[in-house]
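In Swiss-Prot this protein carries:
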BINDING   3-17  FAD binding site
Amino acid sequence: MRVLVLGSGVIGTTSAYYLARAGFQVTVVDRQPAVGMETSFANAGQVSPGYASPWAAPGVPLKAIKWLLQRHSPLAIKATADIDQYLWMAQMLRNCTANRYAVNKERMVRLSEYSRDCLDELRIETGIAYEGRSLGTTQLFRTQAQLDNAAKDIAVLEQSGVPYELLDRAGIARVEPALAGVTGILSGALRLPNDQTGDCQLFTTRLAQMAVELGVEFRYGQNIERLEHAGDTVSGVWIDGVLETADRYVLALGSYSPQLLKPLGIKAPVYPLKGYSLTVPISNPAMAPTSTILDETYKVAITRFDNRIRVGGMAEIAGFDLSLNPRRRETLEMIVGDLYPQGGDLSQASFWTGLRPTTPDGTPIVGATPLRNLFLNTGHGTLGWTMACGSGRLLADLIARKRPQISAAGLDISRYGNPQENAQHVNPAPAHQ
């Protein structure tokens, strides 16, 4: 059975890999010259199931107003003429209730923890190397109020059985020695020891090589134009003026997925949240991060690779604008310079931006659609790297009609009101260990 995967970011590539392992004949098509060249290229580098939470949360609307008034704001909104921007923001606001937050977070944590386990298994089985570290994530609080508010997050962690440590200043210096000289500006920290880090683009590149060894064909530099359908079935994809056909189709085009779905009558509320990153060569390894740091004040992650520091964050609701805003670079340089003033050479840093495909409820869209042979794997927001392996494996199981290892409930597009008359509902296997 032939499967055509549209998109070769970390989501499309993991989908292709697990489909090939399941015995499918897989072809991946992308407009870029290689895998992982868009949103997967220079993200923050975190694999953080413990921090899998929707942006839509109680209190966020008020926080957003305050953020918009700050010079180094983690959020910016640029009005466009696109009605989808306003519809998406309205849907997100409707999800900022305690009940919806709890439902959405459970879905995200379920998939994220499974995905981390799949990544661990993949690393053991294949030896794939991607500058990965399994040294946890440390969330820094600059104020006592932030530290006090962490009690709500800790309650959720305890309920989910996620290990954690609450650190004082001495504890921060113990797990991140390079911060010893700046602990005076910190009130405390929350550490999740089971979180991981790694270069997402490097992982995607090497997994694609392994997929090729399994028979996957990658076709680059090809423009995906539109999907053709007849009744409840996709009959082909127009690629550079040629109609390509397969038995099953997987749409993994991130923020661009809705553009192909809309003509089919499928509404996918996936909207781009623009993020930025700075990649800094390490000048003094002893003064660089050990793993990943999250700065709660600025909503920025600072991650250690082998010889580089990746500083990533921000959220701009600005449509598909990919221009580089120098003020965002200034903010990232300020934060890394504040915490790790001797760690890296900012004069040699590279600046990047990407579009995170985000749903209003934070949960990605993974699974079947109203069209019987079309499947989606998109909308992972800031957690594409965290959720990639689990999403790819879950999707492959669903397409193969195999019993998945976790429940797929609430993950497909039917939660937005799209009918699922032809979706295959498969009971999950016993809880994944």
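From the backbone N, Cα and C atoms, a Cβ is placed for every residue, glycine too.
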Open item on the list: Tell me which of the binding-site residues Gly7, Gly9 sits in the most Cβ-dense spot, judged by other Cβ atoms within 10 Å.
Closed with: Gly9
Task: Cβ packing number for Val5 (FAD binding site), 10 Å threshold - done: 34
Open item on the list: Counting other Cβ atoms within 10 Å of each residue's Cβ, which of the binding-site residues Val3, Ile11 comes out lowest?
Closed with: Val3
Open item on the list: If you count other C-beta atoms within 10 angstroms, which of the binding-site residues Thr13, Ser15 is the most crowded?
Closed with: Ser15
Open item on the list: Taking 10 A as the limit, how many CB atoms besides its own sit near the CB of Tyr17 (FAD binding site)?
Closed with: 28
